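So that you can see what the record holds, here are the features copied from TrEMBL:
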SIGNAL    1-29  signal peptide
DOMAIN    31-100  domain 'Pilus formation protein N-terminal'
DOMAIN    108-152  domain 'BON'
DOMAIN    241-396  domain 'Type II/III secretion system secretin-like'
Amino acid sequence: MYYVKKVVQLLPTLLFASLLIAFSSQVNAARLFSVNKDEAKSIRLSKDISSVFISNPAIADYSTIGKRTLVVYGKSVGRTSLIIFDGDNHTILERTIVVNTSLINVEQHVAIKYPDLDIEIYNLGDKVVLNGTVATESQKNGIERLVGELLGKSGTEEKLMAGEGGTQLIATKYSYKGIVNNLKVATTKQVNVKLTVAEVSQSFVENLGFQFYNNGSNGSFINSIVNFSASDIVSIINAVADNSIGQVLAEPNISVISGGTASFLVGGELPVVTSSDSGSSVSYREYGIKLNLTANVEQDDKIKLAIMPEVSSLDSQYRNATYDVPALKTRKASTTVELADGQSFVLAGLLNNEEVESLSKIPFIGDIPILGALFRYSKTERKKTELVIVATVSLVKPLDSKQVKLPDFQRTTNLERLFDVHPDKNEDDPTREWLVEGGFIQ
């Protein structure tokens, strides 16, 4: 009971302190008097003016109109103090004058560059506030940069880098001192990237252009370049059904919000031993099929995609003699492209040449000089493959749980499977449709 009584006694004190802080904030806000440079505002008083004091007349000055009206006009950007006295030398009014740059020119520039947006720009003390709703994160950053540059504010630059060692520039974000960016993005855009990594023979790549683009009529070449997808090339590889032609290594499906990054790895980690005077240490290096990507939705829903694929495998021909650790055979690329919703691009040219020599012989007899050549068989096999990466980007939106299609697996009896009897075989299979779409319903 003692603790309960103590808390009850403290509640009025806490409430009074909160009200006091809120009241102090309102008083401080009310003591600020804002005026733009080369503009004037009037102050109407309840008593006659006897004398006026301004701490820095180079920032703001005044003129009296009658006995109870004071006109304050801004001369240069900055702050100064204003005190007004009556005939008895009592303080009538005390204010901090904040002279800001006029925002009319800034508002006109923003309206010209972004005519479809309703952006509110106003001064609040010595800060500039941006309010409104924009379509993309790129527009939000672009408006802040435009306002900051027009007002001559000091800014900082934040670069979004990608790639190995962070050498590839994806996007640049600017922030300016004295600008409060309250712009809200209507809907955060999300990008889905369907990627296909395939290793094919060079002859397949050389004939791919003819086989793929020769499906349409005359004049359809340009249209085919931007209207294909990964499934088209995959269907060709699967239709051939020959591993010597090509094989699909991976088909990751990754979604990322605009401005975010995502990664994908199918493989493992190779231990790497490093020796020094203080001893040995072990670090791990990833190998397999690795993908890093960054997507950013620009204006008009254009998607700027930075993609860094890497395919590596263990190379047993080169090993560390001390620790018996194999080397890595790696093929990787890094590129940045801009695509529209639903478009694809192909990244190729990562070649791999292998030459394998083999010798078969009959034991003992094949070792006989000259005569043993009749019982030996040798061959040299040269294999030249190329890594082909196909990416298709799409804008996706979250769905309500009622719109999500889930697979409906139907049980069958042994008799139905034996005689291949399926009552609903001719009906649409929701499971097949769900698997074809990759779990995404667009």
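Heads up, residue numbers simply count up from 1 along the chain you see.
The backbone N, Cα and C atoms fix where each Cβ goes, and this holds for glycine too.
Across the domain 'Pilus formation protein N-terminal' (31-100), DSSP assigns 0 helix, 45 strand, 25 coil. Mean model confidence of the domain 'Pilus formation protein N-terminal' (31-100) amounts to 89 (pLDDT, 0 to 100 scale).
Applying DSSP to the domain 'BON' (108-152) sorts its residues as follows: 21 helix, 12 strand, 12 coil.
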